[in-house]
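According to TrEMBL, the feature active site, proton acceptor maps to A:Y154. The NADP(+) binding site annotation in TrEMBL covers A:G11, A:A12, A:S13, A:R14, A:N62, A:V63, A:N89, A:Y154, A:V155, A:A156, A:A157, A:K158, A:I187. For A:5-185, the entry in TrEMBL reads domain 'Ketoreductase'.
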Amino acid sequence: MLAGKTALVTGASRGIGRAIALRLAEAGANVVVNYAGSEAAAAETVAKVKELGREAIMIRANVANAEEVNEMFKEALERFGTIDILVNNAGITRDNLLMRMKEEEWDEVIATNLKGVFNCLKAATRPMMKQRSGKIINITSVVGVLGNPGQANYVAAKAGVIGLTKTAARELASRGITVNAVAPGFIDTDMTATLPEDVKASMLGQIPLGRLGQADDIAGVVLFLASDAANYMTGQTLHVDGGMYM
Amino acid sequence: MADTLERVKKIIVDRLGVEESKVTLEASFKEDLGADSLDVVELVMELEDEFDMEISDEDAEKITTVGEVVAYIESHK
């Protein structure tokens, strides 16, 4: 399905990002595994992609830093020649109640989760415009639509990503580039593992399908958006949350 | 200069699909050659490759006519 294509996945060392990298590789894509800190985990993702018979390289870059992002794209293009698929997945949380949230907590989350998407979009646009094609998939969140106490920074960033997705989709449509978003609900990853049990229990109560999502539930929808099956879709947000948001 | 103009002309004709006779030094990309903002960004990208140079975003924003592009390339070679 994606044979000969190159995908760059940010935050691909663990969790949803790793699942996406592996699913795209399974479908035939070579993968650039971006990571910020977890070097050993990123190496593991690369090894798993190679086991699937595809090429993979890992590149360390903090997506919040435009210079590092530009260097990453340069290196990826030197190695693979094109970037056909970009998945903006890298994200962090710094949860706190609005009243207690520190300025740094706000800034860090906006820098990684929102500006990081902008930095990567900008860098990917040039090679994609040249080849007159490209698939960009931004990972947002159900809370970007519903709101969530204790996550003002994260929610603002994720809602911002939805608006950014629509604008990029409109700007780039005439060049054959589609930009869509996937909004996961509560997914069983390191990010949600630290939540207290009572919070998890109350979350489960809000999920019609009655279970936490798995990273692979998200990866399957990302694969769809990255494939030719989704050629006529752009600017959309697909909700993959067990029915939390309808 | 003449050579630069010819190479620039060719890229503009290919990219914008306009008659070569319309691509004069005075021609404005947006007003005379029907380019939108994205077309101009793409033209700049192609010119960078063609002439193996970098045109900063700040400079690119100031370029509005064919003559200005040619002059820019000449002075930055």
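Positions of Cβ are set from backbone N, Cα and C atoms, glycine also.
Map these features onto the structure and tell me what's around them.
Under the DSSP three-state reduction, A:Y154 (active site, proton acceptor) is assigned to helix.
All protein chains shown were included, and the count of other CB atoms within 10 Å of the CB of A:N89 (NADP(+) binding site) stands at 28.
Looking at the domain 'Ketoreductase' (A:5-185) alone, the prediction's average pLDDT is 97.
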Based on DSSP, name the secondary structure state of A:I187 (NADP(+) binding site): helix, strand or coil.
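For A:I187 (NADP(+) binding site) - judged by DSSP and reduced to three states - the answer is strand.
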How many Å separate the Cα atoms of A:S13 (NADP(+) binding site) and A:Y154 (active site, proton acceptor)?
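Cα-Cα, rounded: 20 Å.
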Cα of A:I187 (NADP(+) binding site) to Cα of A:Y154 (active site, proton acceptor): how many Å, rounded?
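Cα-Cα, rounded: 15 Å.
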Using DSSP and collapsing to three states, where does A:G11 (NADP(+) binding site) fall: helix, strand or coil?
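The three-state answer is coil.
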Same-chain residues six or more away whose CB lies under 8 A from the CB of A:G11 (NADP(+) binding site)?
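Within the chain, A:G11 (NADP(+) binding site) has Cβ neighbours under 8 Å at A:G17, A:N34, A:Y35, A:A36, A:V63, A:N89, A:A90, A:G91.
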Going by DSSP, is A:N62 (NADP(+) binding site) part of a helix, a strand, or coil?
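DSSP assigns A:N62 (NADP(+) binding site) to coil.
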